[in-house]
Every structure is written in structure tokens, then in C-alpha cells.
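These come from TrEMBL:
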BINDING   Pro124, Thr126, Arg131, Ser291, Thr292, Glu340  L-glutamate binding site
REGION    27-46  region 'Disordered'
SITE      Ile270  site 'Crucial to convey clamshell closure to channel opening'
SITE      Lys297  site 'Interaction with the cone snail toxin Con-ikot-ikot'
SITE      Lys386  site 'Interaction with the cone snail toxin Con-ikot-ikot'
TRANSMEM  172-194  transmembrane segment
TRANSMEM  235-255  transmembrane segment
TRANSMEM  420-441  transmembrane segment
Amino acid sequence: MDKSLHFTICVVTTVLLLRESSQAGEEKDPEVLAAPKPDSRGAGEGLPTLTVTTILEDPYVMVRGAELEGYCMELLAALAGMLRFQYRVKVVGDGQYGAVTAGGNWSGMIGEILRREADIAVAPLTVTSAREEVVSFTTPFLQTGIGILLRKDTASQDMSFFHFLSPFSKETWTALLFAYLLTCFCLFLVARLSPCEWNEPKNEENHFTFLNSLWFGAGALALQGATPRPQALSVRVIAVVWWLFTLALLAAYIANFTALLSSGSEQLPIQTFEDLVKQRNLEFGTLEGSSTFYYFKNSKNPIHQMIYEYMEKRREHVLVKTYQEAVQRVMDSNYAFIGESISQDLAAARHCNLIRAPEVIGARGFGIATTQASPWTKPLSIAVLKLREAGDLDYLRNKWWESSCLRQSRERWGPLEPPALGGLFLTLGIGLALGVLAALAELSSSSRRAAAHAKKSCCSVFTEEICTRLRIKGTARQSQETSGKGNA
């Protein structure tokens, strides 16, 4: 009896040890990573079990330890909780999304659904008319388009020799030159008209010559003091307004120029797909057999046809097998990748030396694929809509597209146009007008006192003063001769 009990205990212990060893081997087996156990939120007695096919693509589906995680995995778990089903996830065998092969069959996830190897496909699978003819799609859970992914150093223009002029547009520089010359002329004019700038106009030389006025204005532009120093109120008004103008202008220039240098946001030479076709420095391609490739193949747009012909002729060299290969090729060589804009935004967030061109074409969406006439199509569509209305899809989008580096601002800094500085130029114009009016008022007051002392008309004295200060010799001499004849 003791021997039989001892034998039974040994057998039970051996079975338990073998079971633990089998479970440990299962956790380390790479084959099991592609087919994790159903999520506990979808588990339950008597619930239907769906076979889900997907594809490994960051951040939709990623391998982490012994499990799969990512945007699509969290979406699938939420749908399973809402619709009460269990699921078993498998990664697509050929690593393709789904396209028609030379033999007329479908590859990738679409092919697995058609062959009943999977019930649904939860992945970044684009809804297209060709796919819709053989499978059914739910309401899109993500909206996207087709964009161009570039490396910043290949996409940026070479810095020109006159790059320091980039903060302002040509029109702004022209307006600034005109404002400078006008201000210096007003300084010269007002300094000569104002009686406070000289005591004896007939014998004394005014310090505010035109060249000195130009030097005074240039000194203010460089935030440096310059002589001569204004004494009259009218000249000081113009000087103060010009100082304020140059201070605000320099602040705008320095801020814009610093942004241009630090962010590398000079205008990209490749803004559109037309720019991509015209250039000769970068190769470009897309995923082989992807919906993007067939979009350009079926498009009637001449530019899109040129892109398709380029990729078709060089398909062995420019078409890539996986999205990860495409991103790596963009970072390592002179290559531009044409693909889903939402995935390119993620690449630009994860790799700070990448950037997406502004133009996006072919608005489309990612949907869940099911077999035709599947009873799960409509419930899944309704569940996706409920998740969108509740804000869950936006939460997942922000969670998995969070940048891992300091993102540079998407807003493009460009040259400042004149309308952006319109108020500044208007203030300068008003200040110049006030300075001229103040100088005329000062001269008029001085002329009235001189006319009363010499018993002459105020207008004649005012005219004589203007001619004397502006060194209009002929007019001044004629006025003097007329005055001498009158005295004789």
C-alpha cells in the first residue's frame, strides 16, 4: 500500500513538472508571440471566438514581450468588450495588406479573409473599391491620405549666400528702404525749417545736412547713438518715432531669423507631388502591392501617372516590402516615401530628422475588414461609431501618436510680409507728419515775431525764412533786392 501511494505521488509530481516546463517553453516560443491568448476582457463562457488577422506596424500592432500591443489591439479589446466576443489574433503570414496577385488571387490579410483563415482583419487596412468588391468594411476608425515622407537634410533648400535677408520678404525690405530715406529727408527738412536748430540761418551752417541725416537714421537702425543730436521739438518727435520704429523692426527681424535658424523651417523645395516629379535628386516609391500604389496606377491625373510610371519602371529598386523598411531607407539614403500620411506623421514624431511634405491627396480611411455578408460587419460599424462619439478613438490616437522627441512647430515661419508690419509703418508716417507740422508751427511763430519787429508782412518773412534755411539762394537774393529797393 505504501509503495502504491509513493508511486502515485511520483506520477503526479512528474506530470506537474512537465506541465510547468511546457508552459515555460510556450512563453519563450517565438511562434506563440504572433498568436497571443485572448484578452481577459473578451473571455467568457459561451461567447463566440473570432480569428483576427493583423500586420505588425508601429504603432498599430507591436510585439512587446509575449504579447501584442498597440492602437489596433486596444481597439480590438474595446470592441470585444462592447460586442461580447472572444478573439484569437494571428499575424498575416506573407506580411502583406492585400492585393491581387498575377494569378488573380488575393494576398495578405484580404486573402486570408477570403480563404476563411480569419474572420476579421483589424489593422491599418485602407478601404478601397477593389477590396470592397471581395470583402466588407466597417465604418473607418481612422482618417488619412497620401503624403510624402522626406529626410530634413535632403528636403531643405541649400542656405543661400543672402540667407540673412530671409526674415523679411522683398516687399518688406523695399518698404523699409523707402521708410528710411523718407525719414532721413524729413529730418533734414524739419531741422532746416525749425528755428531752434540754428540761431543765425544766414551766417550759421546747420548740422543736419542730408548726409548727416542719413547717418543719424542708420545709427538708430543699429541701436547706436549718432550725432548731430536734435534740439528742436519737431526734430525730436521724428527721432523718437524712428527709434520706436527701428526697435520694433529689429525685434521682429531677430525673432524671425532665430526661428529660421533653429527650426530649419525654410521653405521646402518639395511641397507637392509635382515638385517631387520635377526634381532629380531623390528617388521615390511606396509599399509594393499597397493601395497607394494602385491609387497612382488608376489615377487620371498626369502628375500621378508620371509617378506610377516611374515606380513601375523601377519597381525592383524603389518599391519596399514593409513600412519599417521604407522609414529606414528614407533616413539612410536620398529616398522619398509615398504612403499613408497618418503613418508618416508618426514617423516624423519618432524620428526628428524626418518631415512630411505639406500636400496630402486621396483622402481615405482605415476600416475593419470582414467576410461578405458577415453578421459582424454592422455591429462592428456601430461599435466604432460609439467609440468615436465617446472620444475613445481620439484618446487612442493621442496616446499612440505621442512624440518621443521635442517636436518642432508645424507652423511654417516665413518671411514677414508688409501687412504684418502695416501698423508699424503707419505709426512712422504719422510721426513724420507731426514732426513736419511742428517745424512749420515753430517757423511760423518765429516769422510772426520777426515780421512784427521789422514791420513786414508775415507771409513775406515766412517765405524768406524758408528760402534762407533751405539755401534757395536765387529766391533769397531776389527777396533781398526787392527789400533794398523798397527801403530806397
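Keep in mind that glycine also has a Cβ here, set from the backbone N, Cα and C atoms.
Feature map: annotations from TrEMBL on the structure.
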{"residue": "Pro124", "record": "L-glutamate binding site", "Cβ neighbours (10 Å)": "22"}
{"residue": "Thr126", "record": "L-glutamate binding site", "Cβ neighbours (10 Å)": "24"}
{"residue": "Arg131", "record": "L-glutamate binding site", "Cβ neighbours (10 Å)": "25"}
{"residue": "Ile270", "record": "site 'Crucial to convey clamshell closure to channel opening'", "Cβ neighbours (10 Å)": "25"}
{"residue": "Ser291", "record": "L-glutamate binding site", "Cβ neighbours (10 Å)": "23"}
{"residue": "Thr292", "record": "L-glutamate binding site", "Cβ neighbours (10 Å)": "22"}
{"residue": "Lys297", "record": "site 'Interaction with the cone snail toxin Con-ikot-ikot'", "Cβ neighbours (10 Å)": "14"}
{"residue": "Glu340", "record": "L-glutamate binding site", "Cβ neighbours (10 Å)": "27"}
{"residue": "Lys386", "record": "site 'Interaction with the cone snail toxin Con-ikot-ikot'", "Cβ neighbours (10 Å)": "14"}
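Listed in chain order, the extra residues whose Cβ falls within 8 Å of the Cβ center of the L-glutamate site residues Pro124, Thr126, Arg131, Ser291, Thr292, Glu340 are Tyr97, Leu125, Val127, Thr128, Thr144, Ser290, Arg364, Phe366. When the recorded sites Ile270, Lys297, Lys386 are compared by Cα distance to Thr126 (L-glutamate binding site), the shortest distance belongs to Lys297. Each residue contributes its Cα atom, and for Ile270 (site 'Crucial to convey clamshell closure to channel opening') and Glu340 (L-glutamate binding site) these two points are 17 Å apart. Pairwise Cα distances among Pro124, Thr126, Arg131, Ser291, Thr292, Glu340, the recorded L-glutamate-binding residues, top out at 17 Å. Of Pro124, Glu340, Lys386, all annotated as recorded positions, the residue with the shortest Cα distance to Lys297 (site 'Interaction with the cone snail toxin Con-ikot-ikot') is Glu340. For Lys386 (site 'Interaction with the cone snail toxin Con-ikot-ikot'), the nearest neighbour among the binding-site residues Pro124, Arg131, Ser291, Thr292, Glu340, judged by Cα separation, is Pro124.
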